[in-house]
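Colleague: Here it is: the structure, laid out below.
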Amino acid sequence: MESQLHELAEARWFLSKVQDDFRGGKINVEITHKLLEKLDFPCHFAHVKHIFKENDRQNQGRITIEEFRAIYRCIVHREEITEIFNTYTENRKILSENSLIEFLTQEQYEMEIDHSDSVEIINKYEPIEEVKGERQMSIEGFARYMFSSECLLFKENCKTVYQDMNHPLSDYFISSSHNTYLISDQILGPSDIWGYVSALVKGCRCLEIDCWDGSQNEPIVYHGYTFTSKLLFKTVVQAINKYAFVTSDYPVVLSLENHCSPGQQEVMASILQSTFGDFLLSDMLEEFPDTLPSPEALKFKILVKNRKVGTLSETHERIGTDKSGQVLEWKEVIYEDGDEDSGMDPETWDVFLSRIKEEREADPSTLSGIAGVKKRKRKMKIAMALSDLVIYTKAEKFRNFQYSRVYQQFNETNSIGESRARKLSKLRVHEFIFHTAAFITRVYPKMMRADSSNFNPQEFWNVGCQMVALNFQTPGLPMDLQNGKFLDNGGSGYILKPDILRDTTLGFNPNEPEYDDHPVTLTIRIISGIQLPVSSSSNTPDIVVIIEVYGVPNDHVKQQTRVVKNNAFSPKWNETFTFLIQVPELALIRFVVETQQGLLSGNELLGQYTLPVLCMNKGYRRVPLFSKSGANLEPSSLFIYVWYFRE
């Protein structure tokens, strides 16, 4: 009897929602599409057309209310959702409050759930008032809950800034872009303000500005010696000022590639000061005279990264003085060992360092006399006004690890090209991690990438490089990893590096085949696909799901499902995969949906989603999908089950 009452209540509710649209008798496919949205179940029009055609029995392009209900049930009352619902109900019609709590604790691992939480879920998602009033949930409410943001794969607490933000800047991975002003290739592509706006909205915290002398004493931004278009420096700065803290409160670093004359450098300094005002960091913080401040201490601050002459104390003493026309000579004395990248065992390295220190104390000018050390000089004129705006991010050429350990100051940052960084990460891994534990290190794409392609950033995160700069305008795997990694910590653009990359006494080596420190065993069941994107080449694509793990080399693995033929609307797999992840703190997981097109043409990417392994919820979860360009493809998603434990 109770079951029949609930069925009647559900029928009355459904009729009340749709009957007005059927006053004319039948509806077409466009109204069907809108009505599904009205019922809180938006659907891709391509899928609506397909299901509409299957249910239009008379092939008139119009359907009855019964035919619409069949379409609605096909979309909402999915078999895999109904099976879960039935497992926790006695009559397969209604989920009690206690049964909902049982489901949430046993299946979703919501261990702190209580009656007030379950009532809140019922009130939020149950659309049938009679059922809601009894603190129960129908399949309608349960389906709405399972398809809601609360059941997404990404952990809710990872959507907030939950990490300790009081460590020095060098203790964080920092979301960084390369050639931010470009929105295409590096030879003919246009420069555009949108490059900066888009990067900042995505949470990027380090922007590159390539500055050159312009006409009428107006510095310009473009990729020098190419045919890329030009932007006014002041226009770029104004855009940054508007969007700098829209997504994140934490500091923005402006990495200046400065090719300007002293006169136009002075103009740059004036523009920076007048535009940013108090947001521009122009003096050291009192509590951080000789150590890097934290992101928390630098909230809402703009930092300038550029060459600098003199010390922070000298800069402090000049505050308030007139610097017009004053030019400083920047000198770079480069000491290089003969074979920079050759391996050096720790004992030999310590002897080498001791020798440098002894020579330095005795007579700095004799350093070049050490066997194997070469010396050369470089000079450049810098406007004092611009030099004095560089505080905690002084650009300093990277010579080698030995030199940095002896000479490098706490506020000096290095930029290393990808090829050299890759070589160092393989041959000098311990020294590299020791270096990045102390100094901010930026890795940038090699010059040969004229098409603005990117490298895999994971290999440099593995050795602690803070600023792994990518071409944000170029979609693909590297940017998927970038976007996925920086979803963490509230999308703030700052992620605290794990202990193994901050504490050098741990002796971490990402290249070791095994790292026995509480690995994670991860099990994922790919259950089904929900309204997957339609292929550009076929309305009935053959779908495959690929799971990829990126992290230290030993954790890099790829597994895939079987191919489901001719079904993008609701393909089903029910396939289980297990992964052993040695260093989960550095691991990202990527879900890829492709359509199989044959050996010659290759697979077509339909959607993907990347996130940190430790940001995954357990239980039945929905994986949102994003296009190659990063567009959200909702309601396209995967329905999966996740379980993992740490040894």
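Glycine residues also receive a Cβ, built from the backbone N, Cα and C atoms like all the rest.
From Swiss-Prot, here are the annotated features:
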{"type": "ACT_SITE", "residues": "H178", "note": "active site"}
{"type": "ACT_SITE", "residues": "H223", "note": "active site"}
{"type": "DOMAIN", "residues": "43-78", "note": "domain 'EF-hand'"}
{"type": "DOMAIN", "residues": "163-307", "note": "domain 'PI-PLC X-box'"}
{"type": "DOMAIN", "residues": "386-502", "note": "domain 'PI-PLC Y-box'"}
{"type": "DOMAIN", "residues": "502-627", "note": "domain 'C2'"}
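Give me the lay of the land around each of these features.
Modeller: Contacts of H178 (active site) defined by a Cβ separation under 8 A and a same-chain sequence distance of 6+ are given as E208, Y444, P445, A469, L470, N471, F472, in order along the sequence.
According to its DSSP assignment, H223 (active site) is coil.
Counting residues 6+ beyond its ends, the domain 'EF-hand' (43-78) has Cβ neighbours under 8 Å at 14, 18-19, 22, 25-29, 32-33, 35-37, 139-140, 143, 528, 530-531, 533-534, 539, 568-570, 635-636 in the same chain.
Taking DSSP states H, G and I as helix and E and B as strand, the domain 'C2' (502-627) has 13 helix, 60 strand, 53 coil.
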Colleague: Using DSSP, how many residues in the domain 'EF-hand' (43-78) fall into helix, strand and coil?
Modeller: 23 helix, 1 strand, 12 coil
